[in-house]
Amino acid sequence: MLKIGVLVSGGGTNLQAIIDRINDGTITDTEIVSVVSNKENAYALERIKKYNIKGKCIKPRDYTTRQEFNFALRDHFISLGVDLILLAGYLVVLSEDFVRAFPNRIMNIHPSLIPAFCGNGYYGLKVHQGVIDRGIKVTGATVHFVDEGTDTGPIILQKAVEVEDNDTPEILQRRVMEEAEWTIYPEAVRLYAEDRIKIQGNRVIIT
Ligand SMILES: Nc1nc2c(c(=O)[nH]1)N[C@@H](CN(C=O)c1ccc(C(=O)N[C@@H](CCC(=O)O)C(=O)O)cc1)CN2
Ligand SMILES: NCC(=O)N[C@@H]1O[C@H](COP(=O)([O-])[O-])[C@@H](O)[C@H]1O
């Protein structure tokens, strides 16, 4: 059984997509054992209640240092024997200590075609605002492994999405979610659960 821990900050639509694929049997032999948010009012924590998935809030401001916060997060997932950690709309940049505790066992979904519109300052609607301001015609989403950098880890899957002339950031965000994020993130988890993801240097090979 693949044990998954999920880190969230907001609405939890990517978490929901993964729960749905586990529950419909697309993703097999996999269980979400913990969902942790840095925000108490994250709707993602509301979503999990009907599935009896355990939720928890671990907030940076409850710790004296960033390192102590990351240690608390790390120790929580280690205590549960988590095999894979998914960042799903999570807006806290994790420390080297945390990342090194789970080598190539942390995934993230980013709402652009990395390396475009990513890194510090690019999250949520800010990504789509940048795409629109630049006049980009094709954007998309990326699933990648998390390393010590921000959005710099090996790319697992990407999916392109058309930008329409009258798009607002909100309209474009929804299209990228519907047409890309909610498909490629569960697919990446399925491939991982089936042990079909291999890393060669900075490249990810799907077998
Ligand atoms: N070590 C890593 N940690 C995280 C990664 C990563 O790739 N490596 N991905 C991010 C998710 N993310 C993009 O996918 C991302 C999240 C947040 C930010 C950002 O600039 N955050 C702001 C604060 C935002 C807020 O609290 O409202 C900031 O740090 O100033 C950029 C990219 C998750 N962690
Ligand atoms: N850099 C990270 C980032 O911008 N993540 C983005 O936050 C949105 C909300 O996710 P959610 O509906 O799954 O909570 C999603 O579009 C996700 O790609």
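Quick reminder: no glycine exception, Cβ is built from N, Cα and C everywhere.
Copied over from TrEMBL:
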- 3-189: domain 'Formyl transferase N-terminal' (DOMAIN)
- Gly12, Thr13, Asn14: N(1)-(5-phospho-beta-D-ribosyl)glycinamide binding site (BINDING)
- Arg66, Asn108: (6R)-10-formyltetrahydrofolate binding site (BINDING)
- His110: active site, proton donor (ACT_SITE)
- Asp151: site 'Raises pKa of active site His' (SITE)
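According to DSSP, His110 (active site, proton donor) sits within a strand segment. Across the domain 'Formyl transferase N-terminal' (3-189), the model assigns an average pLDDT of 98. One way to see the shell of the N(1)-(5-phospho-beta-D-ribosyl)glycinamide site is to take the Cβ centroid of Gly12, Thr13, Asn14; the remaining same-chain residues with a Cβ within 8 Å of it are Val8, Gly10, Gly11, Leu15, Gln16, Ala17, Ala44, Arg47, Ala88, Gly89, Met177, Trp182. Each of the recorded positions Asn14, Arg66, His110 was ranked by the number of other C-beta atoms within 10 Å, and first place falls to Asn14. In the structure shown, across all protein chains, Asn108 is the one of the binding-site residues Thr13, Asn108 with the greatest number of other Cβ atoms within 10 Å.
Cβ neighbours of Asp151 (site 'Raises pKa of active site His') (same chain, under 8 Å, six or more residues apart in sequence): Asn108, His110, Ile114, Pro115, Cys118, Gly119, Tyr122, Thr142, His144. Ligand 1 lies under 6 Å from the Cβ of none of the binding-site residues Gly12, Thr13, Asn14, Arg66. Residues from the recorded positions list (Gly12, Thr13, Asn108, His110) with a C-beta closer than 6 Å to any atom of ligand 2: Gly12, Thr13, His110. Long-range C-beta contacts of Gly12 (N(1)-(5-phospho-beta-D-ribosyl)glycinamide binding site), restricted to its own chain and to partners at least six residues apart, with a cutoff below 8 Å, comprise Val35, Ala42, Tyr43, Ala44, Leu45, Glu46, Arg47, Ile48, Ala88, Gly89. DSSP assigns Arg66 ((6R)-10-formyltetrahydrofolate binding site) to a helix in the three-state reduction. Of the recorded residues, Arg66 ((6R)-10-formyltetrahydrofolate binding site) and Asn14 (N(1)-(5-phospho-beta-D-ribosyl)glycinamide binding site) place their C-alpha atoms 26 Å from one another.
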